[in-house]
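Student: Pulled these from TrEMBL:
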- 8-49: domain 'JmjN' (DOMAIN)
- 73-163: domain 'ARID' (DOMAIN)
- 273-323: domain 'PHD-type' (DOMAIN)
- 417-583: domain 'JmjC' (DOMAIN)
- 1142-1191: domain 'PHD-type' (DOMAIN)
- 1318-1340: region 'Disordered' (REGION)
- 1352-1403: domain 'PHD-type' (DOMAIN)
Amino acid sequence: MFIAPPECPVFEPTWEEFADPFAYINKIRPIAEKTGICKVRPPKEWQPPFACDVDRLHFTPRIQRLNELEAQTRVKLNFLDQIAKFWELQGCTLKIPHVERKNLDLYQLNKLVNDDGGFDAVCRERRWSKIALKMGFAPGKAIGSHLRSHYERILYPYNLFQTGANLLFYMPTHSPMSPLQKPTLTNDTKDTDYIPHDLPQRQSVQPLETCSIARRAKRMRAEGGCMKTETAEDCENRPNLRRRMGSYVAKPEPQLVDKKPHCLSVCLSQVDQYMCLVCGSGSEEDRLLLCDGCDDSYHTFCLIPPLHDVPKGDWRCPKCLAQECGKPQVAFGFEQAGRDYSLRTFGDMADSFKSDYFNMPVHMVPTELVEKEFWRLVSTIEEDVTVEYGADIASKEFGSGFPIRGGRFHVSPEDEDYLSSGWNLNNMPVIDSSVLTHVTADICGMKLPWLYVGMCFSSFCWHIEDHWSYSINYLHWGEPKTWYGAPGYAAEKLEGVMKKLAPELFESQPDLLHQLVTIMNPNTLMNHGVPIYRTNQCAGEFVITFPRAYHSGFNQGFNFAEAVNFCTMDWMPMGRMCVDHYRQLDRYCVFSHDEMVCKMASKADTMDVALASAVQKDMAIMLQEEDKLRDKVSKMGVQQSQQVEYDLLPDEERQCSRCRTTCYLSALTCPCNPGHLVCLHHAQDLCSCPPNNLTLNFRFTMAELYPMMEAVTLRAESYTGWVSHVTNILEVKQDKKSSLEVLRSLVEDAEVKQFPQSDLLRQLCAVTLDAEKCAVVAQQLLNGKRQTRYRSGGGKSQSQNLLTVEELRSFVRQLHKLPCSIRQAPLLKDLLTRVDDFQQRSERLLCDEAPSPAELQSLLDVSLSLDVELPQLSLLRERLEQARWLEVVQGASSQPHSLCLDTMRRLIDQGVGLASHALVERAMARLQELLTMSEHWEERALTCILSRPCHCVETLEAALQEVASIPAYLPNCLLLKDTVDQAKDWLQEADTLQVGGRIPVLDTLTDLVSRAKTIPVWLDPLARLEALVSDVQAWKESAAKTFLMKNSPYSLLEVLCPQCEAGTGSQKSKSKRAKDVAQCNKRNGTWLDCLSDVEKALSESKDSASAMATLAEVRQKEMENLLALRASNESKLLQAGDCGALRVCVCHNAPLGAMLQCELCSDTFHRSCVSGSNQDPRPNQAWLCPHCRRSEKPPLDRVLPLLASLQRIRVRLPEGDALRFLIERTVRWQHRMQQASAEGVLGVSLMTSHQRWDSSNPTSAPSQELYSASFYTDHQCIPLQGLSPELEELMVEGFLLQVTLPETQQLYMSLSRLDSHNLTDSPSPKHSTEQDQHQHNPQGGTGMMYFASYDAALCIIFPLCFSQVNWVQCDGSCQQWFHQICVGVSAEQAEKEDYICISCTQPEHTRE
């Protein structure tokens, strides 16, 4: 995993700093050169136009295979290529073995074995397991044996070849099939084929081409020099001799054929002369190998190591193998791409590559991901990723990215400043303060910028700039460029680490790091102690590298950058060191350093003084060395000399033949080799001629060089007089002081003449600045213009140059030391006197333990006239703040009702900022204690409120008693108090809810429960009340399931209550009639007009009796309205002459066709309008319309348990009162029905009705009654005219009951079949049932009992009940009888257990 190095410094200059690039670089150099590289962000407004000619820019990029760039990876690739070549020359193909599901690192295996003493030592000491552990394999899997097998099979023969052991000829002591034989390169099917990279064949420096035909042209020759051949018969006798080669064809050499043609016949008989060069025997011909390079013969078992089988491909003998593999390696370099790109086509290719590689848009790929992937790719040998890089493109040919004067790019007027900007890379190398200005040649890349067009992963390898110069890179546009750098002092350390980790590369290429073709992972370098820093250069940013700072990096994607070198005066010592370093490496110079110094010296009169000083030092070293070298050459015996103008010769004509250094001051030549010369450092390496034949060529004589240095020295020392003058002034005696104007003139002189920044100049500037500061401050103090303190006394001085008292006291002493005098000095004495008086008063006031704020403010007001930094001011301000704070604290403590937590915290925060004092500490302690206590109780109160489960009232009251003693305003505690009060009120209401045996009303109970849920206090009755409410809700759901039809539009209360709006007709007529009814009710004192009124009356009723009375009124109203409605509907149908005017049914249309008539309201309905809704008429059953059939009408035995369960709940609700009234109404109707039957009223009424029907209709009532020609009723309905009022009322009320009774059906059947039954004689089903039942005395126990008369025992719950029932007697004090179904007791429970009624379970005072 790659770990990013630390970031390099990033600088953001201001516009003033950005104006002079070299001055700014010199300013940041102490920081930036510690990291080697730095990044500079120009001001945001600095945005030069892109001036490159995009249409003309065409380039051929370099091809970069990433894993070949990294040094250690390239070493592995080279090693594997050598192994592959070794086996290929022996007719085998190299395959990489798989160990533990990954490719085996053969290079690491070979290196570890060699480091441990070689194959024999590792085998002898059994260290293969340790080798496996070092390679990262887990122990305990016998990996060592596999590694030994692979090493012995693949690497051991190669190592034998490297040591030359395979060239030792000896006589084998074992037979050809001896067990000592070792196998050839056999491969497993899981091994991976290794494809050689052929690094040398793909480089820019190609090896010499060899003729592929000549590689196999030579064959074994006889001693006579003729070609060796064989007859067909011999071939048949020895078929295995060249089986590995396929068919063999003799290839004669032309010269031999021409000269000795007669040798052919002789050679045909010499087939037996194929002898093994090791053992000298020609036996075992099937094991005799013929080399494809030299045609020498070897037995397979004579080779070292022996071969088990004949190779399938070409085979080389040990001598040819050594010759082929011993060829020197070709220098590594980048090959050029095969196509030419424009900027647009390269960008399309680059973006396509990156988006395809990362499978996302290029702008969304994180830089960290690209960085980690880059270092992963360069470190693997298993993945070959190839990219292209347009590097080192000459800006002179295609134009720079920056605008230049006279260029093709048209510069707008607002961008003309960029033409002369020092940060324009075309200007930076040649500005006046640049050393490269004095190099006359236009050097591409150094003085002329180079362009760089990058793509993702394209990289620039570790390198330092030519001549260890500075470099600056500007990214015009595109994706970032990632940089890595090492400081200059770590250059040798970096080189040493790379040579240590990849010595093979440096053995073949000593100047590898100067070729820009090798990188190494920064983590590897950092692990070996090399400091590495990184940065991401974005578009519009500069990256600067410092002298001898190694740097490398890669591009994050498609971008366009421009770079150039520059040299400042501080570089000159490094430049001379670099030339000496190049001389040791035999590396050419880009320019002659000596020539540049001499050209600078020739312009000494106009040279910058600081630059002259640097040139003078460098030139002194140069002349000293040159003088020694010329003296050395003279002592060698070189006598001839001549002057040569080397500055007129091209560099390649004046390079040292030995070290390739560009000569300028002097060189040696010899007539024996006119085109060669050497520098004086390598005078012995020119040729073997005697020294007197050599000629010393020189550009300047030493007599000419020294005056040049004197001129530079004079320029460098031109300010010597200035230095002497300044020194005398700074060391002047007190009686000979100079004026301040003299010091100012000396500073101005240094600025005009551009003297270097020396300590003396800085001292002069400092002294002058101090003198000016003293003069200004003194004048301001005397004029009183510096009174800038706040009148509040709490402010500070706004002046940055305010004098302290000590500065004022030392002010006079400073004036004596300065080279000028201050005329305001006598006047400052008076100011100092007033300051001393102020200090004495301050000391007295500060000694007081509790000074008043007024006195402190008064003394601070006095300080306003003293424009001096007084040390007592801070103390006085502190004491003033303390006094004011103590006043505020005392005032807040006196009003505890307004002392909240925020106030205490604010006071404590203010007190924390105060200086330490006893009074403040005590007040702070009291406040902190009060705050801690208050916060504790606030938190505790909040915890009590939010606690789950909630606390009881007693616990909260105990907490409130403790809070009452805290003198502060505590909102949570007050909220807790309100909560406790609410809980008490609720408990009181809950206790009074059932006082006196009252049964609570559901609305009151629900309201009480909902209120309790908002009170965060544990309320004991709440659970019981919630259970009651839950039981009531469950009861209501059970009752609704019992009574309500599916998808019923009616509510449970609406079904159970009598219909207060029965018979009111349509909705339109309801509103009109409602007004009349309201007026009537207003006169009568009733107001039960609708269901909501009934529900409200039931909820507000005090007891069940008043509720029953209310429902009785509604029942009376229901009966009256319904009887009137029946009469109206009946008369409407009988008297209608025109049926079209009638409006009937739910659709309010005229009657037509088959109609249904309701037995309750007597209205008619279209069969189609009421069909499909469970309203179809059934035989022998009364048909009720949708308006009249409001419920399922369950049987009475299903209804009675509902009321019994409600009695046990003991909660009053409107539905319960309505159900009770319904049952009582049902029982009363049954009683009336039985009385009418018993008294014969029913029989008389039926007979009378029968007679009426007979008189009105002589024939029996038909099944279909025809009212007119347009409609008829196909379901028989009991006519209204044939019934007596008593019978009609009895029938109507029976139909109104929402309970199914056998009596109702009996009555309906009796009335509907008057023509076929004798109603007076036939007993009712009920009576027959009664006769079959056994009668038991209720006093004798529980059981089934029939009451012929209801005057016998009556259940106290239902005084009127049906006839057939189980009874149970209370075992309490009342001894009353109850229906078992009414009290919820089963027959088994009644026999085995005692039953005590609800009344007996109540306390005596409640029953009373």
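The backbone N, Cα and C atoms fix where each Cβ goes, glycine too.
Heads up, TrEMBL stuff is auto-annotated, nobody curated it.
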Student: With CB pairs under 8 Å as the measure, which of the listed stretches 8-49, 73-163, 1142-1191 comes out on top against the domain 'JmjC' (417-583)?
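Tutor: Against the domain 'JmjC' (417-583), the leading stretch is 8-49.
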Student: Would you mind splitting the domain 'ARID' (73-163) into helix, strand and coil residue counts from DSSP?
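Tutor: Split by secondary structure, the domain 'ARID' (73-163) comes out as 61 helix, 6 strand, 24 coil.
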Student: Let me spell it out: take the domain 'JmjN' (8-49), skip the flanking residues so only those 6+ beyond its ends count, and list any with a Cβ under 8 Å from a Cβ in it.
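Tutor: Distal contacts: 402-403, 409, 411-412, 415, 418, 421-424, 428, 431, 433-434, 470, 483-488, 490, 531, 533-535, 537, 540-547, 549-551, 568, 570.
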Student: With DSSP as the yardstick, break the domain 'PHD-type' (1142-1191) down into helix, strand and coil residue counts.
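Tutor: Helix/strand/coil tally for the domain 'PHD-type' (1142-1191): 4 helix, 10 strand, 36 coil.
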Student: Over the span of the domain 'JmjN' (8-49), count residues by DSSP class, listing helix, strand and coil in order.
Tutor: 16 helix, 6 strand, 20 coil
